[in-house]
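Participant: Shown below is the structure under consideration.
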Amino acid sequence: GYILLQTSVFNWEHAFSKIKFFSTFQTKEMSLIRNTILECQVCGFHEPQSRCHPNPCYNGVSCMESMMFPGYQCGPCPDGMTGNGTHCQDIDEVPLIVMCLDTLLPGSFKCGQCKAGFVGHQTAGCCVRRTCETLGYKPCDVNAHCVMGHNSDISCVCNIGWAGSGNICGPDSDIDGYPDGPLPCIDNDKHCKDNCANTPNSGQEDTDGDGIGDQCDEDADGDGIKNVEDNCRLVPNKDQQNSDTDSYGDACDNCPNVPNGDQLDADGNGKGDICDNDIDGDGIPNVLDNCPNIPNPMQTDRDGDGVGDACDSCPEVNDPLQSDMDNDLVGDVCDTNKDMDGDGYQDTRDNCPEVPNSSQLDSDNDGIGDECDNDDDNDGIPDILPPGPDNCRLVLNPSQKDTDANGVGDMCETDFDNDKVTDLLDACPESAEVTMTDFRAFQTVILDPEGDVQIDPNWVVLNKGTEIVQTMNSDPGLAVGYTAFNGVDFEGTIHVNTDTDDDYVGFIFGYQDSSSFYVVMWKQTEQTYWQNLPFKASAQPGLQLKAVKSRTGPGEYLRNALWHTGDTPGEVTLLWKDPRNVGWKDRTSYRWHLTHRPQVGYIRLRLYEGKALVADSGVLIDTTMRGGRLGVFCFSQENVIWSNLGYRCDDSIPDDFILYQKQMNVRT
């Protein structure tokens, strides 16, 4: 399994010192031992029996009760065997000599890194990389799939339309991550039963504790007043007192004596911004604060324009007006719009100006982005080139100690980026800056700022940033997270929770500014936009994927171009449309999975209704945007839920892209 690298110096003593023995594993057929204890039919309602009786571990291996799923822990495998205690297999005692020398040719050779599919190093040798396919047993529920982490840890994830722990899965009609009916489980706060089986609510919020989720409870706060009439939907207030003129009752109004329909509270202190004399909570009163909405107790202002560096869109150029027409967070006075690699960062601010890297990740803070830095952790071991590759690319480890010879250094064995979140739980295992999906911090982008026919969207974020609700029949708008991505997998459940109206819902990716982004949008029925100027726009039902590269930016041209199904020169290009021409259904949950690899222009969109795959774009190639931010989109449609949102950094090239390339080469 080694690649031989020729060196210019021949040293037999040194060469033979590299010959080592290692053991390989002989896979035997094993019976999958399943724990069939089903006494806990409904979580928390019955006293569970011991999880160790009958013994779920391998024959002869001890079992111990555990509070962690699945309720037990197995001891070590018997001598001469290897495994996790539940499943064990024999160790092949026949050693294998790994020869990395060629004695017939002049000169000497040394071993390079293991070939693809193998792990190890020059001292211990190479063995087959552990994958879900090579386990020899099936660790997951029949309706789940196996996921292997950086350090070969295994996790199980229920398939789309199913929910549970992965070891046990049940049907999930609304695709919010919770099963319709109760499952035998021990983690009572998750995976057990959906309190709102037909409406997505991935946070399972239940204000009045009646077992019915707020999203489908007609009286969510239990005060005897129906939600549609209640001025405090989630706070009991039978008197419905409202001292100001906004729509929020005093019991839930964060400024009860000052109208503030947006209820904004930047510092989360329970006092609305409009009546808080220190909006950002940094100890500096608003009237003296050079960044009233962003905490900056030091009040640093390098360019002396009265705007603190913490909120200055051009911190090194005097610009008190802070104009940013394209909503890219770079002020107009210092925005050159010169971006040679197309990653959304202008060259003067890009830490890899010739290599697309929208994430701008710089693990060692040396000013050179990881994408173009050959030593990301600055430990003296190159990432790829000899004497590398570095077995902990993001963690300082000059010793390169790798006790189990699996190719991953001990320093980053379970946490590759050293962010204190294990790889299996980490949304971006190779970025310490991103650990979980979270849209609580987002930028609102209004795509028709001059329009007055409809109001702007009203975004509500739930479940620690993994669920978004838009309540209004609004102008086109975006809620965009601040995290930028290179390669990414983005998924979520979309559900229109009303039988009123029939307009656009969707999501975005590759967002670089308000004129440059990809949008996936879905119209329910055919309709001509009611404003015929500046041009007539006709919408057709069916899922669409568009590349927005607008010369005009937010306004009436982009508004009508988004509504129109098809290309609009200078504004929008239609990359793909679902040939079924089927619109979305009222009160029906759909799950999308978007794969984007901007380094090669790969895009693929899949859509599921329940458990069934109903639309697939196939492989699309487009390099209009080389990475960017994620978010959600709506246009004239109220009561939209984006639930169970998830993103994961991934720069790996999908297998179907390789196949696509081969097919293209054959055709040419």
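Numbering starts at 1 and runs along the chain as displayed.
For all residues, glycine too, the Cβ spot is worked out from N, Cα and C.
I grabbed these lines from TrEMBL:
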type     : residues : note
COMPBIAS : 205-220  : compositional bias 'Acidic residues'
COMPBIAS : 339-352  : compositional bias 'Basic and acidic residues'
COMPBIAS : 363-380  : compositional bias 'Acidic residues'
DOMAIN   : 440-654  : domain 'TSP C-terminal'
REGION   : 201-220  : region 'Disordered'
REGION   : 227-250  : region 'Disordered'
REGION   : 339-383  : region 'Disordered'
REPEAT   : 205-240  : repeat 'TSP type-3'
REPEAT   : 264-299  : repeat 'TSP type-3'
REPEAT   : 323-360  : repeat 'TSP type-3'
REPEAT   : 401-436  : repeat 'TSP type-3'
Participant: Do any residues of this chain, six or more beyond the ends of the compositional bias 'Basic and acidic residues' (339-352), have a C-beta under 8 angstroms from a C-beta of it, and if so which?
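Facilitator: Result: 328, 330, 358, 360, 362, 367-369, 371-372, 484, 512-513, 516, 598, 623-628.
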Participant: Is the region 'Disordered' (201-220) packed against any residues at least 6 beyond its ends, judged by a Cβ distance under 8 Å, and which are they?
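Facilitator: Long-range Cβ neighbours of the region 'Disordered' (201-220): 174, 176-178, 194-195, 226-227, 230, 233-236, 462-464, 466-467, 493, 497, 641, 643-645.
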Participant: Report, as numbers and ranges, which residues of the same chain sit near the compositional bias 'Acidic residues' (363-380): CB under 8 Å and 6 or more residues beyond its ends.
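Facilitator: Result: 350-352, 354-357, 390, 392-398, 417, 432, 486.
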Participant: Using Cβ atoms and a strict cutoff of less than 8 Å, what residues sit near the region 'Disordered' (227-250) while being 6 or more residues removed from its termini?
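Facilitator: Long-range Cβ neighbours of the region 'Disordered' (227-250): 207-208, 214, 217-221, 256-261, 263.
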Participant: How does the region 'Disordered' (201-220) divide up by DSSP, counting helix, then strand, then coil residues?
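Facilitator: Split into helix, strand and coil, the region 'Disordered' (201-220) gives 3 helix, 0 strand, 17 coil.
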Participant: On the DSSP side of things, how many residues of the compositional bias 'Basic and acidic residues' (339-352) fall into helix, strand and coil, could you say?
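Facilitator: DSSP classes over the compositional bias 'Basic and acidic residues' (339-352) add up to 3 helix, 0 strand, 11 coil.
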Participant: Give, as a single whole number between 0 and 100, the mean pLDDT over the repeat 'TSP type-3' (205-240).
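Facilitator: Across the residues of the repeat 'TSP type-3' (205-240) the model's pLDDT averages 96 on the 0 to 100 scale.
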Participant: Please list, for the region 'Disordered' (227-250), how many residues fall into helix, strand and coil according to DSSP.
Facilitator: 0 helix, 0 strand, 24 coil
